[in-house]
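Enquirer: I have a structure here, written as structure tokens, and I will follow up with some questions on it.
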Amino acid sequence: MRSVVRWAVDNGPATNTLVVAILILGCWCAASMQREFWPYSNLDVIQVSVEYRGASPEEVEEGICQRIEETVRSVQGVRRITSVAREGSAVVSIELEADVSEPDVQEILGEVRSRVDGIPSFPALAEQPVVQRQQPRTTAISIGVIGPESSSGSRQDFRPGSSKVLTTSATADRNVENALALRDLAEQIRDEVLLMDEVSQAEVVGVPRYQIDVEIPEETLRQYNLTLSQVAEIVRSQNVEVPGGTMKTASQDILLRGSNRQSTGEDIGNIPLVTDQSGVVLTIDDLGTVRDEFTDDSAISRINGRPGLAIQIETTQTEDIIHVGRAVQKFVKEYSPPDGYELIYFRDRTDDVLARLMLLVKNGWQGLLLVFLLLTLFLELRLAIWVSMGIPLSIAGACALMYYTGQTLNMTSMFAFLIALGIMVDDAIVIGENIYVHRSTGKSFRDAAIDGTLEVMPSVVTSVLTTILAFLPMMFMTGRLARFTEVLPFAVIAILMFSLTEALTVLPSHLAHADGPGMKALSWLFGPFRVVGSAIAVVNGWVAKGLEWFIETLYLPTLRFSLRFPMLIVCCAIAFLMTAIGVVRSGTVPYIVLPQIDSNFCTVIIAFPDGTPEHITDKATKRLEDAVQSINQQTIDEGLTAIPGGVVSAIHRSVGYGASTDGDVSSGSHVGSLTVQLVDVGDRGITSQEMVQRWRKAAGSFVGADLVSFGSGPRGLAGLPIEFSLLARSEDIPQLEAAVQACVDQLEKYPGVHDVTAGGRPGKWEYRLTIKDEAKAMGVSLAELSSTVRASYYGEEAMRLQRGRHEVELRVRYPREQRQSLADFDEIRVRDPAGNQRPLTELAEVDIQRSYSAIHRLDQMRSITIAADVDEEVGNAFQITADLQNTLMPKLAENYPSLRVLWEGQQEQTNDSMNSMFYGFIAVMIGMYLLFTIEFKSYLQPLLVLSIIPFGACGAIFGHVIQGLPFTLFSIYGLVALSGIVVNDSIVLIDFINRRIADGLSLHEAIIDAGRRRCRPVLLTSLTTIGGMLPILLETSRQAQVLIPMATSLSFGLIFGTALVLILAPVGFFIIAKFSGAPLEQTAETLIETS
């Protein structure tokens, strides 16, 4: 390393060329780097999806979920298996271990796919399983395609499932034409959006599939002695397209085809079914009706009060959300829709992400300016300039490294730059000052640069390595949150490595040529600014005198007093430490995982019991829409925005699809949701959280609703404040339900708790068939009964047709009116082996039961998730969780010993992060101790340095009290990082004491002289670090609230830690020397040996 320093000093042009190259490369990489809000998280989850249409959740659980779970549970690398069985579908999620490498993930994916494909006992009517790795995506923006109202002027909802019948003999009414045209336009726009280079993921949300239904009444079937299965078979045989091979003639080859494939309802209605007694061929139209429309799944979608569909655009890991959003915005502005239609964009996260990144950029420039001003106040102007030059070089180098390692620009990485702003100049300050000290002895610029750098190089390298060690635990944390924060230590360490390299090579090179022709030319070029330099020099002198007065008048007398009464100082320090512990234990500083971040949209999801008619859900969502409109008018009246339309810019209301916190709600007439787009944060005086509170109050309660969940923006990174699951075996379901109800009742008693939800909600009523003994004697099987009922209601699938881009199912079943009456159920006929048609109720017993809307399983056990949100101004989630764990959970364990409890959400994320960080922190402390023993050649002095860390943590705690902030997970991250920063001052101070003793001073004189000589650089390094974070610490924008606690930990920890270091480190050194039996006049060698 010494030869590298000398080479850099003697090869100024090469060094400068390298600097310019790094700056250019760094700027290019920063401009090209992908931008996003939070870093993408590769969750390493393999998902198996199977459709089993018409099956109940219990049938799906038994026929699909349990078989997949049993098959894949022994795959190496699987951490957890969760599955959800809903009506007609199953989803099994296989979570892999955190340490599984990318090649192993692909190998596991292949093994899972092979095992699932090899399951021989899936139900015959189940679709082919789809096995894929879950890909992380982020919603960037949505396009709203708004259609015309009905011609009558009345309100028209998009209800394809409930629209008027489309038959071969009747034309579609205007309502259905609008619905079809709206979907066609939305899909056309989606296709055009996908042609853009910036967009790869776009989908029309919540639109039912096309379907053709051949509907024949039961009485008609009996009249012509037909069954639905026979009709389906006739359709299959008549509606075919058969390749006939190739005719090879002398001149050419001719393909032969037998084609009678029809794909429209009108053509299918002409397919012949039977011949009557008079010899007339009767077609499907003659015997029944053909519906060529959408599936029965009803959906209502309205945007800003008019029929509309939403096209959701997502970004993948390799796409820049701002580029995608800007491209979509431009497309919407330039697109010309047909008359009566309108295009808007909403749920736009582009401006949100850009505003938050620019907020950090602004704070970064402010921090950089503060650091430079502090350097000019404490150092000579020329030295301050050269020290500051290391900042852009270090950031540029880190950006280049981040770009080529696949990192992105996001809130976390940008905050890492803010943290490192003040830290990265610490090594340059020490080296630059020492070079000037050597220059003052009469050495040449070259010799002073080399000797000054080499003299302090060991301690500088130790300090930087210490800081790097402190950030390492955050790189190896586990849990979901760790995926979002791992870029922070990576960025800080990269900056520190480039900063150390710059301080040991580039800075000495520049200072070694301070009298060179290049520097003289620069001095002449900036000659007109010498007046400013002179003024700064005057201010610098005032600061130097003020600092000298502080040291001689305040600091040194305090230090002498402390050395006179060292045990008193130690007792005061311990009292300070115990006070901080008391503040934490008393709950004065509450703990939350993450503070709520203001968002530009609010959401609500409402769900009634399965089977609730569409009009009831529609009425409830309309009531929610009216409530938010009234709140919007209130914001205008209260002057909370200058925008004429109020704070609400768009409302998307839907019925028929949604998603709940526990995953129970997916689609159906009982589900509704609203998404409210707000104007930009800077254009309104109300937060999204306050909007949600007003909305919840204005909407009131909904009688009969199973779920009403309000939210502000996307769910937090760590999940809900309170979230846990109860697990039980299938035979213990009654105990599980009782325990869940007890948990819900207890949660609703806590103040501040709202939106309490629990899985295991009742599903639709079920008619369960049990075959009678008489039917068995006739040779009728339960399978024949079930298939007849399925064909009557769900339909017998005749075939699937490809119509354009859509795959259309063709089903044969009863008319819709015969599927909506209990009386018609008794009219179902089943054909026995003798060919006789008998009523269903004659052959089977019907038992009416009710199951779950969805069945959740975790590690091959039934599970029900209980979740709740908490208003942190009224209650604290972790105090509530602790109370549950100490009071309710022991009772449940006593009453229901077979149950298991699995804590999830913020509790799980905190436990995962804290446990991994704790072990990492212990390893770092050991690493620091070993590093300090090398530096100090002592056993006790490293312990003295490490003992300062708890007092820095005390400063962080009191900082949260002063700021009125809760303690968050990012606050703890700040404490971990603080451990490496606060000890650097101790290293400098103790190292200088050892040096002064080695020069022959007594212990007391060495401590006083070290305090006098090192107080200035200790204060300067701490102030520059605090100055770099001061803008974010004082930031009032609600966008930065998640990062302020970490800045508070670092800043206040350094403020208190630096003050204590200047006193406690010398006092601790003194006590070690005294109790080790060393005389106070001994030399450093004797002191090191005895300690």
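Cβ coordinates are placed from backbone N, Cα and C, and glycine is handled just like the others.
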Enquirer: Pick from 775-794, 1015-1034: which range does TrEMBL record as transmembrane segment?
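Expert: The range carrying the transmembrane segment annotation in TrEMBL is 1015-1034.
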Enquirer: Tell me whether the transmembrane segment (383-403) sits in contact with the transmembrane segment (12-31), defined here as at least 3 Cβ pairs under 8 Å among residues 6 or more apart in sequence.
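Expert: Answer yes: the transmembrane segment (383-403) meets the transmembrane segment (12-31) with 3 or more Cβ pairs below 8 Å.
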Enquirer: Between the transmembrane segment (456-476) and the transmembrane segment (943-962), are there at least three Cβ pairs closer than 8 Å, leaving out pairs fewer than 6 positions apart?
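Expert: No, these stretches are not in contact.
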Enquirer: Look over the recorded stretches 357-377, 415-436, 917-936, 1015-1034, 1054-1073 and say which has the most C-beta pairs under 8 A to the transmembrane segment (943-962).
Expert: 1054-1073
Enquirer: Given a Cβ distance threshold of under 8 angstroms, which distant residues of the chain, six or more beyond its ends, lie next to the transmembrane segment (1015-1034)?
Expert: 360, 362-364, 366-368, 370-371, 373-375, 378-379, 415, 418-423, 425-426, 429-430, 433, 547, 551, 555, 981, 984-985, 988-989, 1040, 1043-1044, 1047-1048, 1050-1051, 1054-1055, 1057-1058, 1061-1062
Enquirer: Can you tell me which recorded stretch out of 357-377, 565-584, 917-936 has the most Cβ pairs within less than 8 Å of the transmembrane segment (1054-1073)?
Expert: 565-584
Enquirer: Mind checking which residues reach the transmembrane segment (917-936)? Cβ under 8 Å, same chain, six or more beyond either end.
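Expert: Residues 458-459, 462, 465-466, 469-470, 472-474, 476-477, 942-943, 945-946, 972, 976, 979-980, 983, 987, 990-991, 994, 1088 contact the transmembrane segment (917-936) from elsewhere in the chain.
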Enquirer: Residue list, the transmembrane segment (565-584) vs rest of chain: Cβ under 8 Å, 6 or more residues beyond ends.
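Expert: Sequence-remote neighbours of the transmembrane segment (565-584) are 950-951, 953-954, 957-958, 961, 967, 1060, 1063-1064, 1067, 1070-1071, 1074.
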